[in-house]
Each structure stands twice: as structure tokens, then as C-alpha cells.
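Q: Pasting in a structure now, in C-alpha cells, and then I'll have a few things to ask.
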Amino acid sequence: MPEQNRILCRELSLLAFNRRVLAQAEDQNVPLLERLCFLCIVSSNLDEFFEVRMAWLKRENKLHPRRRLDNGKMPSETIADVTEAARSLIRHQYDLFNNVLQPELAREGIHFYRRRNWTDTQKKWIEDYFDRELLPILTPIGLDPSHPFPRPLNKSLNFAVELDGTDAFGRPSGMAIVQAPRILPRVVPLPSELCGGGHGFVFLSSILHAHVGKLFPGMNVKGCHQFRLTRDSDLTVDEEDVQNLRAAIQNELHDREYGDGVRLEVADTCPAYIRDFLLAQFKLTAAELYQVKGPVNLVRLNAVPDLVDRPDLKFPPHTQGRLKALGKNGSIFKLIRRAPILLHHPYQSFNPVVEMMREAAADPAVLAVKMTIYRTGTRSELVRALMKAALAGKQVTVVVELMARFDEANNVNWAKQLEEAGAHVVYGVFGYKVHAKMALVIRREDGVLKRYAHLGTGNYHQGTSRIYTDFGLITADEQITADVNTLFMEITGLGKPGRLNKLYQSPFTLHKMVIDRIARETEHAKAGKPARITAKMNSLIEPTVIEALYRASAAGVQIDLIVRGMCTLRPGVKGLSENIRVRSIIGRQLEHARVYCFHNNGADDTFISSADWMGRNFFRRIETAAPITAPELKKRVIREGLEMALADNTHAWLMQPDGGYIRAAPAEGESEADLQNDLWTLLGG
């Protein structure tokens, strides 16, 4: 196969992932309000796609227009391909919302009322709502030499209003801009009695269209057109110019709201001259204009399920499994000393990790606590426990990653609070994101210091621990806990990388470990020994790993990869990758665990890791991979993380050589296997 065709386009692969998510919104087996949620997830993902990936392609095209990307194409060619795919996906989204979901919701008594269908009583209520809730806070900006075109915030809802007449100062007016503050709901619920006892909603844009004239008394409104600008949201900090990273991040967060435009969304009813006017204001081309059949922001529909009390239209609740040995008065440290603990979230509760930190904060025998924070949410019992530990006089060290994309402001806030509580807060290593998920507790026992560590594949975030699938290992293994301590010393101090006993770390040893393990399986296959690689991750795009997998496949290694999102490897190509199979599982839970298993002549070397197989994870982040050696725990990781995923025939998508996906289905006479439901049955409470 030609060199340029061996690697697929990562952006197209990411859009293909979102197409699989959108299939959940189409699936009649998914509860109706959950289908609406999946539609919103796709919109949110697309926002980030334009803010990050499309913005990167635009920058690359400007700086290196002739440089070929990993997929063998130049940036301009890739932009054209990606734009076409994005348009197709967005059209599909709106068709689904307008022609499928809205009618199905209406049959369930959940209505989105268009202006032309408002009853007189609804019109009266909506006008009162506008007068009471919107009119006092909206600020129209007329465009003239003293009122230049305003700079809209990233992804904010705005309206271009065409006017006729003269204002109070005798000025002729042609156009004004009205910005809708983010604090306003984009979907407004109507009183039940106005909806025949059901649930009714109107879009904020519809309310503004109907009553925008009240913002311009005495003027004639000729037209009102919603628009939304997506901006480049890359956050860059120059290492040489920064004295205080936290302060620099805070400054950059403000500037990010006003990055270069990458996408302009308007309703399909917007006239051509308004579209052209807006494109000129934002220095965008027609290729960057997206006309949609409906509201320009479907993300905000995610408020609807919480406003509708219809359990029959939502997923049934699950009960998480709990660590039975952790009784009311039991010590988690005593449990860990007996044997390492493996947790599989969300099927098993995240509470033992929280309990470990709570107990550490209150236990007089605990001398020090260390933890990394990448994403932790706006409310965190873990961070509260760290603050309590610091206030109790313990040595608390927290590595807060301030560059966690779109969580920067939240992490800055936690960093301030932790410092005020007396914790030592470190902002990682400049130029390398600290993505490793690790915690360490140091306790005095019988006159000797004993370490306890937690290593995970997911964030210390209690909210996402109920949604994302992840593994966590809690252990008192002396070599692993010593390694975790060494990693914290590397991050917080200065010096050369320490020698690790069992863990592998990026950016130093993890990539080499993966390449070496693949090479070993390749040699085993060449020698006629059984050879197999099974791995699960979020993304696989690193070219040297892909080429190593191709070599392994050519040698006869059987390779099964479970990759939820981006995968730029081509599976199933004769002579290149015929022994590689790739599947993606999309379901109620977000598959997030990273698990690698190398057969190694029957030893089944198994790791859980914070790292995907991407260049950034191997070379530009601090990551960990921990071996799972306890026989029972290894069996669990292989079965729950890999084998059951490979058996799924209800939510699995099978990747094709061209980068497309086909949904798996049970063969004739085969029973259904549903990874996530089966794990709830196996591990749930």
C-alpha cells in the first residue's frame, strides 16, 4: 500500500466517532429523552472539534501549507475533506431533530412550539416573559461609526437585526446587534396548563424574534437573524515570558473567548447579504459558513431531560457495587494491606478512593498525602479531603494541571483554595501536561513509614466516575508505591528521571515499552509461537505504534483493538493489517479505560494506564502504566476490560479498512452480548 494511504485522517476519524454517537440518538432501543441527550453530546463534541482540530488545521495551513500531514495530504486538502464530512454530519443531526425526535417527543406530550403555532394564551405568557426576564438585561448595539461591530464571545448566541427608520437622535439605522447573555436559558419551559397538561418549550431565539422590536421603539424591524461564532480555543503560554503560570493562564482564559473565528452558524432562512456581511466581519470564507435548519446551538437542549419528569423516557437507574469489606468502622488501609483492590467504575463505586482520602485526612498516623488533579469538577469531596488534611497539619502536595483543556478555570480555582488551606500546590512541568492519575498516602505504622497508592485510568472526578468506564488500582505494593513517590519527586522537584521498579511513564519509558512489547510478540509469531495483542483505549493515532502493529500483523500476531474514538490505523488490509481487528463500543457509559495485554508466551502481561496511543500521551504528557500482576485482578482486567468487550454484539462497531464502521449484530442463533449491561449485572449492587 502506498505510504500516504497507511494512516487515516484523524479529523475524519473523530467525525466518524461522532457519527456513531449520533446513531445512539437514532436507536429506537434507547429511551427517547436519552436519545435527545446523545444528540446534544454530538453538538458539544462538534463545538470542541471546530475549536481545537479545525482551528489547528487552519493554523497549519497558514504556517505550513505544503507540509503533508500523517494522512499523506496537505492541510488544505484535509480541510476540504473534513468540511464536507462535518456538513454531512450536521445535516444529519438537524434532520434527526426536526423529522424524528421532535415528532416522537410530541407524541409523548413534549412539544417545542414554533412561533407560527403559538396559541393566544401562549403568546401572552411569552410576551410577559420577554418583558419581565429579557427586556431589562438585553443591550442592543446599533451599528454606526460610533458603535462598531461588537466582538461576540466564543459560541455565544447573537442576533443581527435589520431596521428601518430614524432613531431618537435622528440617525438613520440599518442594522443592530443583540447579544444574548449566556446566563439566559436557550430553551424556556412553558407552564403545563398552557400545553394541555404536557411539557412545552420555546426557544429563546423564537422569543427574541417575536419581540425584538421592543428593543428599538419607533423603528421598523425588517428582519432578525440568529448567528453563532465558534473561535479558535487553543490556549498557549510562552514558557520564556511566564513568571507565574496560574496568572498567565487566567489572562489567556479571557483572551480565548476572542480567538480567531473558525465557524459561523446561521439559520437557513438568513438572507445571503446578511451572511456575507457577517462573514466579512469575522474574516471567514463561505466554506466556513454553516446554515442549519433550526436553532444554531443544539447543545442547550440538554436542559430538557432534567425539566421533564418522565422516568419511562430515561435510562433506568443502576446501583453501583460497593466494597463489601469496607464496613462502617473498617479501615481502608487495613484492607489494602491484605490485598490490592481493583475497582471498575462506574459499575463499582468510586467511594473507596474518596474514603481513602477522607481517612487519610482524619488519621493521626498519616503524615503526608500527594495527588494529581487533571479534571475534578466544581464540587469535589476529594479536594475537600485534601484541604482538611492540610489544615490538620499533614504534608499535602497536589499537582494541579492548569492546562487541562476547558477545565483551566476550575483548576485555577481549586489551586487557590488548596494553597489557602496550606497545601503545597505545584502546576506540573512546563511543556508537559500531567495527565497521570495517581495518589499517595504515607502512614506511620509500628514505627515504620508505609505507603499506599491509587493509580487510575480516569480522573479524580466523582461526577464522571458514574458515567465513564475506568479501572483503578489501590495497592500497598512496596515497589509500585515507591515508583509513585519517585514520580511525584520528579514532578515537584528538579533532577534526572528516577529509575522505576514496575511502573512505566511518559515521556520517558512508556512509548518504548509499548513498541518493545509489540516487537516481542512479532518475534514470537515469527518463531511459530502463539502471539497476541489485545488493547483498549480512547484513541490510536501515533504513527510509530501503528507501523509496529502493521509489522506484527504481517508476522502473524493476532491483534484485537477496542478503540472508542479516533483510530487512524487501517485494519483488515491484505498484506498490511489482515490480522488486526478494531472495534468501537458506544453505549450508555463512555468507554474510557486504557488496558494493554501482551500475550508473552502465555504470561499475559497486562497494564492499566492513563495514556492513549497518541503522540501527545507518549511524548508531551506525564502518564503512567501500571502492571496488574495479582492473578485474580489480572483475570478481572482481561475479562471485564477486554474479553467481554470483544464479545459485545449489540453496541460494538466494527472498523473497516476505509475507516468506516459497521454495527455488530448477533449471528444467527447467537445470543446477545451487551458489555455494559453485562458488567452491571456482574459488578453492580
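Just so you know, the numbers here start at 1 and follow the chain as drawn.
The backbone N, Cα and C atoms fix where each Cβ goes, glycine too.
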Q: Swiss-Prot records Asn45, Tyr468, Arg564 as ATP-binding residues. Which of His64, His454, His461, His592 is assigned to the same site?
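A: For ATP, Swiss-Prot names Asn45, Tyr468, Arg564; of His64, His454, His461, His592, the listed one is His592.
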Q: Secondary structure at His435 (active site, phosphohistidine intermediate) (DSSP, helix/strand/coil)?
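A: Its secondary structure by DSSP: coil.
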Q: Would you list, in sequence order, the residues of this chain other than Asn45, Tyr468, Arg564, His592 that have their CB within 8 A of the centroid of the site's CB atoms, where the site is the one recorded for ATP?
A: Asn538, Gly565, Leu590, Glu591
Q: Taking Cα-Cα distance, which of the binding-site residues Asn45, Arg375, Arg405, Tyr468, Arg564, His592 are within 10 Å of His435 (active site, phosphohistidine intermediate)?
A: Arg375
Q: Need the DSSP three-state call for Tyr468 (ATP binding site) to compare against my parser.
A: strand
Q: When DSSP states are folded down to helix, strand and coil, where does Arg405 (Mg(2+) binding site) land?
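A: Looking at the DSSP assignment, Arg405 (Mg(2+) binding site) belongs to neither helix nor strand, so coil.
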Q: Between His592 (ATP binding site) and Arg375 (Mg(2+) binding site), what is the CA-CA distance rounded to a whole number of Å?
A: 14
Q: Report, in whole Å, the straight Cα-to-Cα distance of Arg564 (ATP binding site) from Arg405 (Mg(2+) binding site).
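A: Arg405 (Mg(2+) binding site) to Arg564 (ATP binding site), Cα-Cα distance: 20 Å.
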Q: Given the binding-site residues Arg405, Arg564, which one's Cβ is surrounded by the fewest other Cβ atoms within 10 Å?
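A: Fewest other Cβ atoms within 10 Å, among the binding-site residues Arg405, Arg564, is found for Arg405.
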